């Protein structure tokens, strides 16, 4: 440990700590622009200057490592004068257009100029002006405001892993740019907006829409993937204005994927705002009483075993639990969250989770991707993997091509024989698995989305057992889930085995839109959802429900952590919350569902399933070796790129996401997208 004195206070810090970090530990506020705790140190804004005894000049505290016996002063006339001088230089070419800047009210430059600036300006010459750069449909630039802190450049290189930002020219003429002025290729590019300390990079969809003090903030969870990223929904009235990340060190740190951040405008379009009943082949509007009575009458006329319910990718745990309880009351035990027919083993919780945990990736030293594409399925999780690779602490190999990652990766091939050889210790990569202290295997839908998924999964379990990848001190087997509802559905047993879809007489769809509807031609379809997607067009009765921003709900992320998405705005039109709809349908059938409100549902959930008594936490889970007698096919393993920006009913109806798709297609046609070409190591 190193001892130093800061403003008369003696503190101890570990070796390698910077003076800035030591000052922060001592409770001192040091102004800064270029420094960011998750980025490499640049030391180019000079706003963090402090006085060090025996030094003739003030030092940049963010770049100076501590030394024994250092005496630091953070509030002397020298420091005050230095900060005023730095701020004056930073504002020399700044346009000072705060009234029309989207960053106004939440701008570091604005706040620090007020606190540390001189209040007067000696510069009377003409200011420089820089042409705004094009960075795609998500980021709006005003580069004249840029103070060259280089945070965006370091984020692109160190976190996103795509070196597409940089600086050109020197001195006063320096410009931050994306070189070719093309759409940024990263799936987490929107984070550059958050870390920009001025108004140079702003959200294009949010531009000129609102001020910070007009907005109501609601804590929620990102539901467009299975990561469970913590988000903050900013709303004005009953309109969602923007979505920002919340800090959670165990999941998303402070980053957020572009889909979770920008797809909120899809909540405005193609919404179901009133019940509909199909009459004479056409859907016509109806009252709630009429729609619920029609469903109740239909249920009474059908044998319970001929009724099946499917939950969609955005269904909350409470909604699925309420629907399951309702179905059991009418004698039906057919319900499933797995509308994609993924071949997963759900007999033990550890068999379908990301057992290493997201934060646990920081400990892994070898990663084997099998049919997995984490860049598009879990972009924030992927940034953790990339950071470890670039730090030289993790090696990544993959079985299954068809995608490109943002870090160095070793291609082992795509033949199923590779897995068989690994299981028998006959492949050269086996030596690396044996040598690794903390190896992990990540299995994607390129495996469990196949018809022979169970057979491949059985083979992977043999590899896990062979190389001791799941043990008391290390959990290295991981399933990479695609959808927010899957783990929660599995946790409450909403995954009963199904018979032939052709035999179903009534299908109750809880936001399910990805079913093989050609097999449900003879079924009476009830669709409970919030968007007019495929399921709604096939339905005989539509019950309009609330989106995730319009009702409170629990979602369990891929590592098995239950979290609550709070209600931010009211449902549109005559739409109702999911549990209210199911409760009214139960009342129509004169059923006692034993629960009448959200709190009662959560209390019952916690009693029946211990995981829901630990909101925000991960519990220990059992893992059991899985074996299958299914035969392997001869098809190679692939993990093809997907339409990342459109994977659910909200993102599919987002104008912003549509613009992203168009921009990516244009880049791909020009051969500029990293997703359109493969790199091999």
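Including glycine, each Cβ sits where the backbone N, Cα and C put it.
In this model, the domain '2Fe-2S ferredoxin-type' (1-78) carries an average pLDDT of 95. Look at Swiss-Prot and you will find 1-78 tagged as domain '2Fe-2S ferredoxin-type'.
Within the same chain, residues at least six positions away from residue 62 ([2Fe-2S] cluster binding site) with a Cβ under 8 Å of its Cβ are 18, 19, 20, 32, 34, 35, 41, 43, 48. Annotated [2Fe-2S] cluster binding site per Swiss-Prot: 34, 45, 48, 62, in sequence order, evidence recorded as similarity to another entry.
What Swiss-Prot lists as domain '4Fe-4S His(Cys)3-ligated-type' is 78-117.
Residue 107 ([4Fe-4S] cluster 1 binding site) carries neither a helix nor a strand DSSP state and counts as coil. Among the features that Swiss-Prot reports, [4Fe-4S] cluster 1 binding site is placed at 94, 98, 101, 107.
The annotation [4Fe-4S] cluster 2 binding site is assigned in Swiss-Prot to 146, 149, 152, 196. Residue 196 ([4Fe-4S] cluster 2 binding site) is surrounded by 26 other CB atoms, counting those within 10 A of its CB over all protein chains shown.
Feature annotation from Swiss-Prot assigns domain '4Fe-4S Mo/W bis-MGD-type' to 215-271; the stated evidence is sequence analysis.
Nearest by CA distance to residue 196 ([4Fe-4S] cluster 2 binding site), out of the binding-site residues 45, 98, 101, 107, is 107. Counting neighbouring Cβ atoms within 10 Å of each of the binding-site residues (34, 98, 101, 107, 146), the lowest count belongs to 98. Of the listed binding-site residues, namely 94, 149, the sparsest CB environment within 10 A is found at 94.
Within 10 Å of residue 149 ([4Fe-4S] cluster 2 binding site), judged by CA to CA distance, lie the following binding-site residues from the set 45, 94, 98, 101, 107: 45. The distance from the Cα of residue 107 ([4Fe-4S] cluster 1 binding site) to the Cα of residue 152 ([4Fe-4S] cluster 2 binding site) comes to 16 Å.
For residue 146 ([4Fe-4S] cluster 2 binding site), the nearest of the binding-site residues by C-alpha distance turns out to be 94; the candidates were 45, 94, 98, 101. For the pair formed by residue 101 ([4Fe-4S] cluster 1 binding site) and residue 152 ([4Fe-4S] cluster 2 binding site), distance between Cα atoms is given as 19 Å, rounded to the nearest Å. Of the listed binding-site residues, namely 45, 48, 152, the sparsest Cβ surroundings within 10 Å are found at 45.
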